[in-house]
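Following: one structure in structure tokens, then a few remarks.
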Amino acid sequence: MKIIDGNALAETIKSELRIKVLEATASGKRPPHLAAVLIGDNPASRSYVTNKVKSCQDVGYKSTLIQRPAELSQQAVLDIVHQLNEDPEIDGFIVQLPLPEHIIEMDITLAIRPEKDVDGFHPMNLGLMTLGLPTYLPATPMGIMQMLERYHIDTAGKMCCVIGRSNIVGTPISILLSRKGNPGDATVVMCHSRTPDIKKISSEADILIVALGRPQFVTPDMVKEGAVVIDVGINRIPDPSKKSGFRLVGDVDFERVSPKCNYITPVPGGVGPMTVTSLLLNTWKAYSGEIYPKT
Ligand code: L34
């Protein structure tokens, strides 16, 4: 059993980016600039956005954090988005999800200019992704693709089971892995809440990707011997022995499942840090105009 070390891989990618930033600034250019919008005080969101801002500092990007209370109106959020769209100093920005219930997430996503949508959530960018054209890939699926690639895990012709069908993970990773290419060329089956017998499908999978948000949902009987298991879930469960009062567990029962696996990602230190570095990579693409040439 080998652990796919998301923290180590994230550090490698950040060192590569740091060099590119130094080269750009040495030639007189300004550094890339990412903005993040955080509405409300969801502690998990706050922690993720903090990691994003910190990682910008690590690689020499400029970052701006716009924090507003949960009561902010939909129009006020749209006003922030419009302002960031128009700001020539900002290469890309994200609006951290989930948003408070009174805000219609899709309306916010649609208001972000595709050129600045470094989350890759806008239908324009998701459409380009689906067609296999260059675009910003959503950060979590992109992080998973990088893990598979950098660990030389062969996906071609493999049977892949994705549990979860969210817009930000399950759906895009299913599309990416079934597309032509490497990683890719897998036979993908997507399972969700209406799938009658998930175990029957997951236990046949060479690659199992779990993103449903239920602590330790995947047990050893659901996993094939020698499988590659990618655990996307990050759940906070009460733990009085911790100072914070909680600990993080994935959607996979790591302790019991890992002995059966060829490769497995831990939580924390697996997919999470790769989500953050993928956002940095997309911001570099926005800055350099690789996807949408700057006018
Ligand atoms: N707009 N909303 C938007 N873009 C995103 O890409 C996200 N996502 C998901 C939730 N909402 C979003 C993230 O940023 C999930 N996510 C995310 C980002 C970072 C981490 C986890 C999820 C992360 O850094 N995880 C650490 C532990 C963090 C902690 O201590 O709480 C890890 O080692 O897994």
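Yeah, the Cβs are placed from backbone N, Cα and C, and that goes for glycine too.
Annotations in TrEMBL come from automatic prediction, not curation.
These come from TrEMBL:
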- Gly164, Arg165, Ser166, Ile234: NADP(+) binding site (BINDING)
- 4-119: domain 'Tetrahydrofolate dehydrogenase/cyclohydrolase catalytic' (DOMAIN)
- 138-288: domain 'Tetrahydrofolate dehydrogenase/cyclohydrolase NAD(P)-binding' (DOMAIN)
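Just so you know, the Cβ of Ile234 (NADP(+) binding site) picks up 20 other Cβ atoms within 10 Å once every protein chain is counted. DSSP assignment over the domain 'Tetrahydrofolate dehydrogenase/cyclohydrolase catalytic' (4-119) gives 61 helix, 19 strand, 36 coil. Taking every pair among Gly164, Arg165, Ser166, Ile234, the residues listed as contacting NADP(+), the largest Cα to Cα separation comes to 16 Å. In the vicinity of ligand 1, defined as a Cβ distance under 6 Å, the following of the binding-site residues Gly164, Ser166, Ile234 are placed: Ile234. Non-local contacts of Ser166 (NADP(+) binding site) by the CB criterion (under 8 A, 6+ apart in sequence, same chain) comprise Ala211.
Gly164 (NADP(+) binding site): 24 other CB atoms within 10 A of its CB, across all protein chains. In three-state terms derived from DSSP, Arg165 (NADP(+) binding site) belongs to neither a helical nor a strand segment and is classed as coil.
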